[in-house]
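As annotated by TrEMBL, compositional bias 'Low complexity' applies to A:1-17. TrEMBL lists A:1-38 with the feature region 'Disordered'. The transmembrane segment annotation in TrEMBL covers A:63-82, A:102-121, A:158-185, A:205-226, A:238-263, A:283-304.
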């Protein structure tokens, strides 16, 4: 993997010795020593650019994004084909509305992707962040870069977050495109029966997409923490997806209603607020606060783990 | 090594901080002592005197009646059937006068009811269907006449003879004290507003109702929460509606207006003059003025059995036994199978001329009938009936935390907020 070298290259001159250090504890000492003044302005920016290039540049990740973006397009084409058959209007969410207004393709696509596909993509990016490097044996080389481990973790987290944002943005853009081309846009009829102008409708769809993206930040933090625990990225990705699924299952058990407000996925479908006449900002605020809480707790756990772990691979 | 341990203190501290941040709003609602002291009578008087206020808010409705859950996912979107069991979120807007909107929220659906004076609409987002209820000219004229009549009567009454709200509240309390104990509970905070709590406890043990608790806003006296506790479950109310978020500002015009969405199916229901006359006409023998309590009314001298409405007041086939909370209503000659099978003629024939006959009952029958025509999911009424009731010798029993019903094989229906044994005894099946 050329990644460690690519990242290290700009700073290689400052830390030539640490790359040759083989044993884990020494690497750690070296990186902690580098928390001292060797850092230069722009180091974080370079690190982040390198991480983004890595996450977005990987062929497998691009394939993943392409497949995700095809969901709304396929959905739109299928619906356009069956629009005159007995199957028209059947299905989950707002599927029956799409034929009349392509805007609903956005919310239907996100509705279909929210339970599994988007968490999966998020888990792949977050789970791969640290464990992928460890599994590939490149983590210790990466740590020779003279930045603090905390800074590296932040760069990794931002890269995973960006990948998730790109995924949601792609689904939204593909849905807008397919919906507009196949069905055309119209004024948006809200769930409560009121109709709002098209521009407001588009803004509300963007609100839906934004909220869905923000809802996934907690999962990024969980994945990042798991990623600092293990060296097999596939296991970490699976564990992260499982967290989302278990949370959904727990959320559906009325016996556990006491813990529902704290579950990661509890507010995921509140994006439907954007389709009600009066958007309850307090409800959306609860959802965002919950994600912030998960980010704070699992982000700090990931930091504590990553900055204290002995890295040997 | 010490440094390492210290780092793990950071997530621990974060968890504590987050926990505290989430707990603070909960703690803040724990006490409400700001309200001036009151008595049950004063509170009732204040509630009776309070002007209807414009408001909007979000309420959570929870039913723990012991019925199977029918969440919005199962009914194909938000539907009034969701209210049978489980938690539902409801939003309310009202201008305090003629216009209101109530919305039942599903995850990705909404069921709205809008009332604008004599007109009303319901809109189901899942079915994209509108039901428009309106009055025809004859019915409108009748309603106007009734209003004018009521106004004329009110004008004719000597203002001095009208009891003050305080006196009226005393009378109501005295009346209620025959069956119930009315007390004030500790003040609470509902939706961030200080509220008085009125508790009504039945005196009799022969009812499923343990107590009813209503919280009234300390400022506007709007009811903010309602709880009905069952004697079968003392850990949580069997039925609960409570605002979680309330605003006393007037809602926007757009929130109260209804416009039919493009592409929605519209069903028109016109209430005709005859419908209205049939529904409001008193049964034979009860024409005349509504009885008014005499001034020297003393509830302790009253014979409770005298309060049970006589045969003349009730529609044919209906009779009442028991008293107060333990009242059992009996309706004979009901063909339940016909109702369930959805045969409209059978429905019409079997529902006697009662205030419940006509449109609402037909709507209900239609609701449960579930036609294949509207596509997608529909409830099978017979299956639902079989699931909700249990067979007993001579009929089928419906049991819930607050209400019991017995349908006998010979076509009698007994309903009451009483234990099922009481119903069986009333039907002669026990």
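Numbers here mean position along the shown chain, with the first residue as 1.
Including glycine, each Cβ sits where the backbone N, Cα and C put it.
Quantities reported herein were computed from a predicted structural model and do not represent experimental measurements.
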Per the Cβ under 8 Å criterion, with at least 6 residues separating them from its ends, the transmembrane segment (A:102-121) contacts 64-65, 68, 71-72, 75-76, 79, 92-95, 163-164, 167-168, 171-172, 174-176, 178-186, 188, 198, 201-202, 205, 208-209, 212, 215-216, 219, 237, 240-241, 244-245, 248, 268-269, 271-272, 275
Could you give the residue numbers and ranges of same-chain residues that sit at least 6 residues beyond the transmembrane segment (A:205-226) on either side and whose C-beta is under 8 angstroms from one of its C-beta atoms? 103, 106-107, 110, 114, 118-119, 122-123, 125-127, 129-131, 153, 156-157, 160-161, 164-165, 168-169, 171-172, 176, 236-237, 239-240, 243-244, 264, 267-268, 270-271, 273-275, 279, 284, 287-288, 290-295, 297-299, 301-302, 305
For the transmembrane segment (A:238-263), what are the same-chain contacts with Cβ under 8 Å, counting residues 6+ beyond its ends? 115-116, 119-120, 122-123, 126-127, 219, 222-223, 226, 286, 290
